[in-house]
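Asker: The transmembrane segment annotation in TrEMBL covers B:192-219, B:239-265, B:832-853, B:865-885, B:915-938, B:944-966, B:973-992, B:1019-1042. Annotation comment: TrEMBL describes B:Asp311 as active site, 4-aspartylphosphate intermediate. Residues annotated as ATP binding site in TrEMBL: B:Asp311, B:Lys312, B:Thr313, B:Glu473, B:Phe514, B:Lys537, B:Arg570, B:Thr651, B:Gly652, B:Asp653, B:Arg749, B:Lys755, B:Asn778, B:Asp779. For B:1074-1131, the entry in TrEMBL reads region 'Disordered'.
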Amino acid sequence: MVKHEQESTNRPDNTAFTQQRLPAWQPMLSAGIVIPGFLIIGAAFIGIGVALFVTSQSIQVLEGPVFFYYALSNFFQNHRRYGVSKDDNQLFGDTSYFTSPSSSCSPYQYDSSNKPIVPCGSVANSMFSDTFQLYQVVNGTNKLVPWDGQGIAWWTDYSIKYRNPSVTPLQNAFNNTVKPINWTKPAYELDPTDSSNNGFINQDFLVWMRRAALPNFRKLYRRITQGDYAQGLPAGNYLLNINYSYPVVDFGGRKKVVLSNVSWMGGKNDFLGIAYLVIGSLCVVMSVVMLIVYAKFKFPDEE
Amino acid sequence: MARRRSDSKINSRPCDILTSRSFTTAQWRDIRVGDILRIHKDQIISADLLLLCSSEPHSLCYVETADIDGETNLKYRQALSATHIELNSSPSEEALAAFDGVVRCEEPNNRLYTFRGHLHWKDESHPLDSDHILLRGTVLRNTDLAYGLVIYTGTRRGLQSVQAQCSVPGADTKILRNSGKLKLKRTRTEEVFNGVVIGIVLSVLLAVLFLAIGNGVFASRVMSQTWALSALVINGNPVYSAFLVSWSYIILLSPAMPIALYITFEVIHTIHSLFIGWDIEMYWQQTDSPAQARNTSLNEELGQVGFLLSDKTGTLTQNRLLFRQCCIGGEIYVMSDKLLMTREPVVPSGFQWNKDLSGDLSFESVLMRQQGAPSMLLFNSDTAFFNAVKCSDSSASTGDASVRAEDVEPMDLGWNPYSCGGLMMSAPGLVEKLRRRQCPLSGEFFRALSLCHTVMAEWREETPVYQASSPDEMALVGAARELGWAFLSRTRDFIVVSELGVTRQYQLLALLDFTSKRRRMSVLVREPEGGLKLYCKGADIVILERLQRDTPYQERTERALELFAQASLRTLCIAVRSVPEASWEQWRKALAQSVAMVTCDREALLEKLYDEMERELQFVGVTAIEDRLQDGVPETVSLLQQAGIKIWVLTGDKKETAVNIGYSCKLLDPDTKLLEWQELRQILQCPDPGASFFKATQSEVWAVDNKTTRAKTAVVLTGPELAEFEQRPEWGAKFMSLAMQCQSVLCCRVTPGQKAEVVTLVRKHTSAITMSIGDGANDVNMIKTAHVGVGIAGLEGGQSVQNADFALSQFRFLRRLLLVHGRWSYQRISLFLRYFLFKTCGFALVHVWFGFFNGFSAQPLYETWFIALYTVFYTSSPILCLAVFEQDVSAETSLTRPELYRSGQRQQLSSVRMLCMALLYAVYSSLVLFFIPAGVFFDTALDYQTMAVTVSMAATFTATIEIILLTKHWTKYNVAAACVSVAMMFICTRITHNARLFQRSPVDYNFIGVSDQAFADPVVWLTALLTAWAAVLPSVTARAAIVIASLHDKHKVHSVSRQPVELRSHFTRGSSLRRSSYAVSQGPGPGRLISSGNCIRSAAPKEATARTKPTDSPHKPAKPAHEEELGRENI
């Protein structure tokens, strides 16, 4: 017996794995699964589509809280060379990058007098600079609609990703640097009303720095969450005062402003709902076609 | 690596080389041209040698060439008489050391059967031919020692030695010359895939070109106009910017060029190869050898084989011949429980029990069965006879004759001192008869077997060991010995036989040798009592027409012959004739006269004389010998044929043997028509071969349906005929188109080179995958030439395994290798390739579409980390599991439904079309992956990073859904892999978006916080889900459509099966069944050697002499002069 065992040293192991006999589940598709499956998925998609579409349609300006967006078109914030043109270390508050910004910011790394630009790079340099005030015209007088620029950026952006250097006053950190070429104010004076909203954690700056995915995009400007208009903008005449400083004409771009409230699915967006409806209907149609073909095969005598 | 190892193993085999007066053991690698080697008995000859002398008389020596040409009989080689006389006289070492001949010979070539050269020695020139040459790879048999001069060695250039100068430039041995070149084999699928990959690379480069142009245009037209971007045009030069961006795009689109796939591909191949080695059902216990995939990159090719080109000897057959049945005086002696055994594969329990309790009882039960079965077989009414025929037919169809020989209870032959066992026959009734000497006919039968042959006996440990040039004769003489008629020894003029213990000496008067034309041989002997007897054995038709008029049992004999033929046994008829003294005298004189003639009709005259003597024969019986097939060969062959594989047999053996094996291994059906060369050549010469082939197949009466008729035709070719193809290359295509319609092609008497040429022919004219299987050195070339080479790891046969891609121990394992492993591999690898293309292209091509929306700036749509991890972590493990575990049907189903194999032969799963479909599908899904999220994100406040995460999610979902759709065999690993991949995507995304990593390196992890926002946003989820579903929608729909359409097919099958089944004409079988399958598988026999006494030791073995009666010793009767004459002439 021992000899026998010695002889068969090359004998393969008789395990489920080596013999490819692992227990396995082998689902078999059948018409009874396929047709109802398509139908159910189609129905579900149509359901989602309807919900999305209805939600999207129900979004309007008059109910609060109202969000104020500015929108740009034909502006390629998603261009790669534009997108990389910033210095994450600098924006993270690392002062060593204040004096020598990353070369990725080039050609917005140093100004003509070879002083480092802070914040450097193309993205910061092209920051949207128009400002808006919304007034309701009540009895001939313009009543300012109060809005709030806080919390329009992502929490992670102003608490982690972007940081001001821990230098007080903030201005000192920017010694020997220059503001971006297109900027009228230095970074530490972006919001004269709120000292904590300055530097790299300025909300408008953060919103701009979060690049858009596509050349047509919106960016949140203000939210109307407090005061008389927190419940929405009542019907009436409104006046929008635009401090126009951002040039778009040369590249054929357009600017617009959007006032909208938001639902669980964000701003008004018909596309997703319609897409769901289309795909869902397609599934339902296919299930019906399959059912017809199936019936033909199953009961050929009726043919 | 494995090849190198085994090469070095061979190279270090020992051999004896003469170095200054003595032989020293060296390794094969040390052999140089001009060395003198000493070869021992049963040693493999290591180089092509000139035989100088041997220990045998006349320096004869015997070699077995099974490894070279597949023939099983021994061949003899003889040294030049000059070298024999000179070198054998004195102490051989010294004489050999003094040998200083010069051999001039032709350049090394691949012709195995010819050799031309001269030996210049002692101022004389001796012509050399192939009879003087021992080829490498042959085995020395029946000869103690042989001395040879090395003429050709391996591939290394030989150095001229001191002793003998050879004018040989490169010194390859003939067998090496025949073994062809080693080529790197690549699979068809891989070639197709490489083509597709090249296509992908080209289209990607084209896309990059367009994108770069787009970038240039964008830079010059748009960016220069946009104040925010104008400064970003590199060096202010749009062309330079386009040039740079093209490199970025090449990197970005590189996942579509699946370089990683090749690595994974290798891994999968390796795992599949391991599975082959691990398969316990392809493990052969007796030699302790599992199957082996020596080439790990050809697995899927196993699932596409269209042509199987098989060697015969050692591959289909075991190279063992067994005496299985006989028919004496019309009575069949069969192994007793054969019919019962076929019904119940296990030995009946009662039988077992009997055996255990008492030997007597069991003997009786065997006896009862024995006597019952054959009598029922033949002597009952007609219905019983037909039943019996049916039984044996069904048993034959299950390969009974070959498989169950071991099940036979060995007979008790203890009474026989010469019995050595090994007789696979159980006929105690016969033994009883023989021992009681009740039946003189049976005695005569075995006497004939023990006398009428050319076997030589050698005494070893008190028993005679037979050495035969034909294995058939060996089996017959062996069987006679087992049953009491033991051939003891032979001198030139006498044959000593022990008949049931009584030693008798017969004087051999004449030996009428076997030729393939005569198809019979006879011996004329003088009995000790003084009577003259002619014993004759030969093919049935030859013998039956030479019988006396009123032969008894003729009808029974014919039936027996039919039965034997059905069981695929080789039959040989035995007859005897008492020759009157007067006619012998007369015949002898006539013979002496005709031999003395020098004219060319001498042969014809001899023929006529022989014919005169072999007349008026009295019929004795029929022997039935089984050329043992390897286990399970008929089943395997028929299964593979059902799987649509064309099986061709290429053998160096004779046509008759090959055809016989073709029938017995179910390669040919009993009613298969053989298309031979004459007919084939006419067809090929016709301008329209198809029509004439049709005509030829129509000529038979039973040709009912054209299609089946064609399928029932087999082509039989021989080597020389095949050589004509070389001269007429235009026949190749014609021949192949015919052969494609035929059931099989048998090529006999082909050299290794021709075997390879046949393979090349098939490869050239068909697109099918060819597979060669063989066990010997003669198969090496075809193994290398075919797409896939399989070596049978026999007892020796290292050569074929060395060069094979797969090594098996048994032919029958082939069905598992092809139908299970091959099919699975093919399925898995096709699925793998298609899926891999889909997932990588679909993933990468989104960048092309995104380019249109970002100024062709090579902005990636994914986070860098996602790109890095997608192929490796998020999508690789499920497809790897699929490629390892997928089984569309189980192994058992694969074997029971061989027709499933055909999809592989037609390349249904891996065609260019399928791969292009996968690519189109990938392009579609990349469009969906980009445009649906783009539509959602267009003109919204959602940012780029959120979109990147959304598309990443959608891409991962798409890949996962697709793999879920593909997987039909869900093991726990598949489930785990699918779950883990998706989980990995979320976990890794969370990790790379983590604040801590960002703080460490803000540039590398600047997606911080995105997943917090995105994973909480229903729009992101809904978009990802919708995108993924829309991306896989075509695949889902196609699958659903297949399910629905399969209903239609099922319905069709049902309606088809209602149609009447084709009727087979049973009644025609009988007549076409009788194959003249005579047993002697040899060319002109060595009879002349025996009668010339060359090969017989001058002193008879002591043992034999002791047993021989004293009167026999030096008596030398007038030796027929013609024999001597004949012998000289032929040598």
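Placed from the backbone N, Cα and C atoms, the Cβ positions cover glycine too.
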Asker: Cα-Cα, whole number of Å: B:Asp311 (active site, 4-aspartylphosphate intermediate) versus B:Asn778 (ATP binding site)?
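Answerer: Pair distance, Cα basis, whole Å: 9 Å.
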Asker: Which sequence positions outside the transmembrane segment (B:192-219), separated from its termini by at least 6 residues, show Cβ-Cβ distances below 8 Å to it?
Answerer: 233, 238-239, 241-243, 245-246, 249-250, 253, 256-258, 833, 837, 841, 848, 851-852, 855-858, 907, 910-912, 915-916, 919
Asker: Under a Cβ pair cut-off of under 8 Å, which of the recorded stretches B:239-265, B:832-853, B:865-885, B:944-966, B:1019-1042 contacts the transmembrane segment (B:973-992) most often?
Answerer: B:865-885
Asker: Select one residue from B:Arg570, B:Arg749: among these binding-site residues, choose the one with the most other Cβ atoms within 10 Å of its Cβ.
Answerer: B:Arg570
Asker: Same-chain Cβ contacts of the transmembrane segment (B:239-265) under 8 Å, 6 or more residues past its ends?
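Answerer: Sequence-distant neighbours of the transmembrane segment (B:239-265): 190, 197, 200-201, 204-205, 207-209, 211-213, 215-216, 219, 233, 829, 832-833, 836-837, 840-841, 843-845, 847-848, 851, 856-858, 860, 867, 870-872, 876, 880, 883.
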Asker: When you scan the chain for residues with a C-beta under 8 Å from the transmembrane segment (B:915-938), skipping those not six or more beyond its ends, what do you find?
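Answerer: The answer is 192-193, 196, 200, 833-835, 837-846, 848-850, 853, 861, 946-947, 950-951, 954-955, 958, 1019, 1023-1024, 1026-1027, 1030-1032, 1034-1035.
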Asker: Return one of helix, strand or coil for B:Arg749 (ATP binding site), based on DSSP.
Answerer: coil
Asker: Counting every protein chain present, what is the number of Cβ atoms, excluding its own, within 10 Å of the Cβ of B:Thr313 (ATP binding site)?
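Answerer: So the Cβ neighbour count for B:Thr313 (ATP binding site) comes to 27.
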Asker: Per DSSP, to which secondary structure element type does B:Gly652 (ATP binding site) belong, with helix, strand and coil as the options?
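Answerer: Looking at the DSSP assignment, B:Gly652 (ATP binding site) belongs to neither helix nor strand, so coil.
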Asker: In this structure, which of the recorded positions B:Asp311, B:Asn778 has the fewest other Cβ atoms within 10 Å of its Cβ?
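Answerer: It is B:Asp311 that, of the recorded positions B:Asp311, B:Asn778, has the fewest other Cβ atoms within 10 Å.
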Asker: Kindly assign B:Asn778 (ATP binding site) to one of the three DSSP-derived states: helix, strand or coil.
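Answerer: Its secondary structure by DSSP: helix.
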Asker: Taking the residues B:Asp311, B:Lys312, B:Thr313, B:Glu473, B:Phe514, B:Lys537, B:Arg570, B:Thr651, B:Gly652, B:Asp653, B:Arg749, B:Lys755, B:Asn778, B:Asp779 listed for ATP, what is the greatest CA to CA distance in Å, to the nearest whole number?
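Answerer: Value for the max Cα separation, rounded to a whole number: 34 Å.
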